[in-house]
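Below is one structure, written out as structure tokens; the observations come after it.
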């Protein structure tokens, strides 16, 4: 059986370090979130909010224009762009560090066109997080993946659609084989979320059923985007994002039967400040 | 005289138990709220917010598109759909566990058409909560009720419209007879709200005049929907929702002359966490 | 010189009493706020918010439809209606207890038409609060006042426009003479706001320069509306509203250099709960 | 080498003094913020929010109408106007004390037209804060600056565009020479922000990398606008705004890894209240 390593607090504490004094928003990356059709606008808001509160230097949401107002009403910190405006995306995407595609995107023809545009424009040096309906589209349309750093964030059913592995057959061995065939990192969302990357398999040690509410996955994409945008070690950044999202929920769950996406995003800055204050000695005792 | 049982905290504590660790949003039900015309959009927002904060796994609001932005501006956790889009509702309604119809729906021709669509599409296995203007429409148009699990949530005047029983004549006997003729559960909202179901009559023991403000009833529908969606015992879930809505108001009223709907919804996660922590011993001493 | 009485806490404590247990939103009045054009939509939001948080049973905002979404995004508790829809206002206004007209209404032709509609439809038994641009319109167009209970809420310049009395000449004697000619109650907003009603003159004893920020006056109209809608003694309700608005600002100003309208409205429920807990003995020692 | 003076707390404490009791919103200035196109609406919301929470008496945002709703949804305290409506701006601008132009304005043809309109209409007695894309437009189009009191707020790249001085060459001497040629005050944003005015050079002593997030600069423009609008000594007001913006971030950063613009704006009233309570003795010990 394959060895799974545990994602624990010390990885997060080693990743979220105090920022250097003489740094600027440009040092913390520009994240583009793509998604949110006329029915699922909330999903792209939640992903974008997590990217902003998670510390990305700049965040732009490419979404259906019907979502511009609701996004800005609670998140003036983000910029917006029409996700069907190919000319604009063509200018914008090369300037990004990290792109999230999928939250609330839907699976209709327009969604597919948008996804194809992103796949066409993404650059090899960028990180592309593929979530939700974008995973379904990749699976259903057998789309060719672009040549870039990809992170898939499926739940077990989406993973089945993508790989053909039924939930009960999703063993570490089979998952790893599928992940390596995809040439991508995979965050397989479940009770104890698993992260497959290169030749490593990691398992989350925190998180609970207070996260069992719509939007938790959208929020996770934003946290991952912010972390890989701003932290040097991309693997640890990814693992830290998975842990942080769940650990905040656990902390809030002391006083909340469900931990809603907006609650988790709003708690990101203080959780990250806590982590940044830890010294190596603290970490041992954590 | 009929025996009325008291709705007390122990029912709530036995209902709101810690969630099983290995559970997902799908385990906590999908709620559809239907209502909110161009003038009463706030009502559907308040109902939907209560369903989200009350712990339903997924929540979709079917409403006038003019309400999409205001809803998402404060509640990205919910999805939206045009409540006049019959094709969309035809796809959506069969996937639901619980449907609320009525908050802010109005009583014009379009409202009636929407209500008829819901009645046509609802399935026998689902739970349908009929509130506010939907009750008025059922009464005024003598609409045939669909074959499903129905919960009416009238105040005393709406109950009069539905049954012909004048407020002063609304005795437990007459109310129960009317309820049984309707083959429905009835939450009769008043100072001490009464719940009629099967051969039982229950009376709430909490709640006060801080709830005497527009939207309290809309919020109650969302709490009921979330509770019957996620808890196994549907009768106890209904009673617990009635109690929880009032008890939160009583707690907030210590420091609030009126307890507005948004205040109550925002307090749901912490109240439910409190309840879930109670042990059987605590319950006795409550 | 005329005798001015002081508005002190004991009036407020005698007015804001614990609500009777067996009461309903209908017992606390329905307030209509009228105003908010395409540029000044914030004003009607602030007035409406104060009416909701101040405890009115139901609140409807008649405003430019471009303000519906921003209002509902922060205040789902209120209903909305197009303030140019005469048919709708004709149905709605007779059902109201208190009407506020003026916040953000503007002074153009459309504003005047709306104001005339309100004046035409208001009933003798209702209370009409005339504020801001509505005062300017009454003065500039020499409009005939309707036969109802009127409360004007001018600042000193608006009062000059309405009466011709220059600020430096605004003595209690002249103000009272003007007020009696108007057959209206007058809240003359200034450092120590004065209230003229019948043969009484009252002067506020609280409030400070933290209120010197746009929207304070709009908020005051909502507090007055909520208080005269829900409390029996209309004179004491008016005085209590003036005091409450200022006193909340004073309390918040301990920790806020400016006390913004939304801060004051959000503090209304807790301030009112404080007041309702006071016993007669407390009042003496206040 | 030129002497740089330090911006320290005592300047802020001498500037933010308790307000005189008998003062009105008119005494604290009317600020106009101009900017926010269809993609960057958040920027003008953040600038406007800072002006409101920073204590300006009245604040109006001239922006693309697509931003009206999102602005009012979180900031009913501000008024709005279409920034392409020249007739309206022609009436409005002469009534202002302070104008901010640039946040989210963009650099397209429409942006340039708006900027030209502002330059045409601004009066010599007013204060004009030129930020962000407005700086880029001035540089790229070699626009003639209007005859008024100008404050530029460039970051180092914008300063390079405006003056031709490469970041590594931006010495106090060269910066001062460029600033004097511009006949303007310059807030050069960097790790330790420098303020050039007349023959003085000041350097900020607070602020950190928690500010390295999109919108920090927009927020700063609003704080500056509010401060120069309400405080008598314009130079100290400017220095105090720079310090206050950074110091609030430092205080929040104790518990926040990033300090988002909305967090900083919401903290302005309490920070300013703290400062206003300081006595001269406190200041020495600060």
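Every residue, even glycine, has its Cβ placed from backbone N, Cα and C.
Among the features that TrEMBL reports, domain 'YjeF C-terminal' is placed at B:8-275.
The feature (6S)-NADPHX binding site is assigned by TrEMBL to B:43, B:104, B:155, B:218. Note: residue B:155 ((6S)-NADPHX binding site) has non-local neighbours B:188, B:189, B:190, B:217, i.e. same-chain residues 6+ apart with C-beta under 8 A of its own C-beta. DSSP assigns residue B:155 ((6S)-NADPHX binding site) to a strand in the three-state reduction.
The annotation AMP binding site is assigned in TrEMBL to B:189, B:190, B:191, B:192, B:193, B:217. Residues within less than 8 Å, Cβ to Cβ, of residue B:193 (AMP binding site) and separated from it by at least 6 positions along the same chain comprise B:187, B:203, B:204, B:207, B:242, B:246.
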Sites among the binding-site residues B:189, B:192, B:193, B:217 close to chain C [C-beta, under 8 Å]: none
Surrounding CB atoms that lie within 10 Å of the CB of residue B:217 (AMP binding site), all protein chains: 24
Diameter of the AMP binding set by C-alpha atoms, the set being B:189, B:190, B:191, B:192, B:193, B:217, in angstrom: 14
Among B:43, B:104, B:218, which are recorded as binding-site residues, the nearest neighbour of residue B:192 (AMP binding site) by Cα: B:218
Shell list (AMP; ref centroid = CB of B:189, B:190, B:191, B:192, B:193, B:217; cutoff 8 A): B:155, B:188, B:194, B:204, B:207
Nearest of the binding-site residues (B:43, B:104, B:218) to residue B:191 (AMP binding site) - Cα to Cα: B:218
Candidate with the highest Cβ count within 10 Å, taken from the binding-site residues B:189, B:190, B:191, B:192: B:189
Additional residues surrounding (6S)-NADPHX, by Cβ distance to the B:43, B:104, B:155, B:218 centre under 8 Å: B:35, B:40, B:46, B:47, B:102, B:103, B:131, B:132, B:133, B:214, B:215, B:217, B:221
Residues satisfying Cβ distance under 8 Å from residue B:218 ((6S)-NADPHX binding site), sequence separation of at least 6: B:42, B:43, B:44, B:46, B:47, B:50, B:103, B:104, B:131, B:132, B:261
Largest tally of Cβ atoms lying within 10 Å of a Cβ, found at which of the binding-site residues B:43, B:104: B:43
For residue B:189 (AMP binding site): DSSP state (helix, strand, coil): strand
